[in-house]
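Participant: I'd like to ask you about the structure that follows.
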């Protein structure tokens, strides 16, 4: 029976966290929003730095570095894909060896070093066109070395900072659990604001003033973010397991697979129970239950796994089908930086007399949509939904993800209709064979698809972050957030593969390719309809899988 003094201690201290001295973390002076705001500020600076170099990277490659458009696009896609997939490795290092806090410090230093070298490479490019081949080779090596150093720094920074921020809220406390759900909303709003600022300010400086200055500003922001992060160390909550347990979580869970596979070959008569608790979760798969057993001729407990380890292994396996279905969102999501922008190039971009908006700048409307809708979702939608569903977060994370997939399907339908309208405009005015001509159709026609994609992000991307964070074992939460990032990376690669196959099947520029270089003869509308179908099929698959999904219990996390 729990005594009054024990209850008082539970209310005063966080069970699974310690402070910077390794002592039990007090609720009153560690964690929660006070600590989370420091960490959110760090992420805003990091996203500002990342998009400060990434959003206009193709212009630098085709400009100062003199690459062709095709080579530059390939280099951008390769860097973007690797930068999105590397966080899985960074999260592994954090969860298995270093812990989140130390991984953030080390990766931030690598990040700053990469940005510093990137600034140096831009500064060394001569203003004249007389560049020797040896100088050109050196500058290219320095630039790409710097660029991939940034990707390595981002790989440890991206998943760990968000996981560390969410760690500041105790999910065993009902109020803090609700605050943690809000944290994911405000986290995404804040980083979107940082991205918007980078697109509007840094890109302008790079184009109008200096590339070295344009790369230097993100470097300064990353230095500031590192100082900010370290300054808050006294109020952070740190994982208790990282301080007290020596067993690598991957070793524990890997052992479950090994023992279960080994025992699978034995008959039931050769096995005896070792540790099968009376309250074992019914959702455990029979395959993993074999890890709780030991051969009769073995010493007591020699090969048995703990029940908690089996639950952790089962939780990871259950995530795989959900991860695959989120690709139905990731593939359409990859289009906004490519074909949405290409559509805008052909349209009337005049916003004021004598003032034209760059097509890529329309991406800012995704951020604007997020910034506007997150407060509405968090302060209006969630309280109303909570009254109806009785869920602390309004709706479950899977329902939130599914809603976003539906919105992305609608986005592709709208994009297809707008593209059909654009092609009809080209036909009506006899501009089909004049790809350089500006069509008498305002670029503002593209705004709805950007705004709707931002709205879909609020549901699906934020939902994915919260879902994968909460459904993995406590020690592997950096891996959980890396899973969400990896889905976007794989979706981008699948999109590239799909485009290549369709282009090959439809004859390329010499035939009637959907992606003809002359966009007025292309059929992006067909492609958008295809993506709408893929997204719709993915949604129904997601619906089927999510209905049978059993959420991981929180009481033992």
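Glycine too: its Cβ is placed from the backbone N, Cα and C atoms.
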Participant: Of the ranges 14-34, 35-55, which one does Swiss-Prot list as transmembrane segment?
Facilitator: 35-55
Participant: Per Swiss-Prot, which of 183-203, 246-266, 267-287 is transmembrane segment?
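Facilitator: Checked against Swiss-Prot: transmembrane segment maps to 183-203.
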Participant: If you look at how Swiss-Prot annotates this chain, which of 422-442, 443-463 comes out as transmembrane segment?
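Facilitator: It is 443-463 that Swiss-Prot describes as transmembrane segment.
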Participant: Looking at 299-319, 320-340, which one does Swiss-Prot call transmembrane segment?
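Facilitator: That would be 320-340, the stretch labelled transmembrane segment in Swiss-Prot.
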Participant: Given a separation of at least six residues and a C-beta threshold under 8 Å, show me what packs close to residue 103 (phosphothreonine) in the same chain.
Facilitator: 90, 93, 94, 156, 160, 478
Participant: Are there residues at least six beyond either end of the transmembrane segment (443-463) with Cβ under 8 Å to its Cβ atoms? List them, or say none.
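Facilitator: Those are 184-185, 187-188, 192, 326, 329, 333, 336, 340, 343-344, 347-349, 357, 359, 362-363, 365-370, 373-374, 377, 397-398, 400-401, 403-405, 407-408, 410-411, 414-415, 418, 421-422, 484, in sequence order.
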Participant: Which stretch, 78-98, 209-229, 320-340, 401-421, tops the Cβ pairs under 8 Å count with the transmembrane segment (35-55)?
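Facilitator: Per the Cβ count, the answer is 209-229.
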Participant: To the transmembrane segment (183-203), which of 78-98, 133-153, 320-340, 357-377 is linked by the most Cβ pairs under 8 Å?
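Facilitator: Going through each listed stretch, the top one turns out to be 357-377.
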Participant: Are the transmembrane segment (526-546) and the transmembrane segment (104-124) close enough to be called in contact, which here means at least 3 C-beta pairs under 8 A that are separated by 6 or more residues?
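Facilitator: No, the transmembrane segment (526-546) does not contact the transmembrane segment (104-124).
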Participant: Six or more residues beyond either end and a Cβ under 8 Å away: which residues meet both conditions relative to the transmembrane segment (479-499)?
Facilitator: 77, 80-81, 84-85, 87-88, 90-92, 95, 158-159, 162-163, 319, 323, 326-327, 329-331, 333-335, 461, 464-465, 467-472, 515, 527
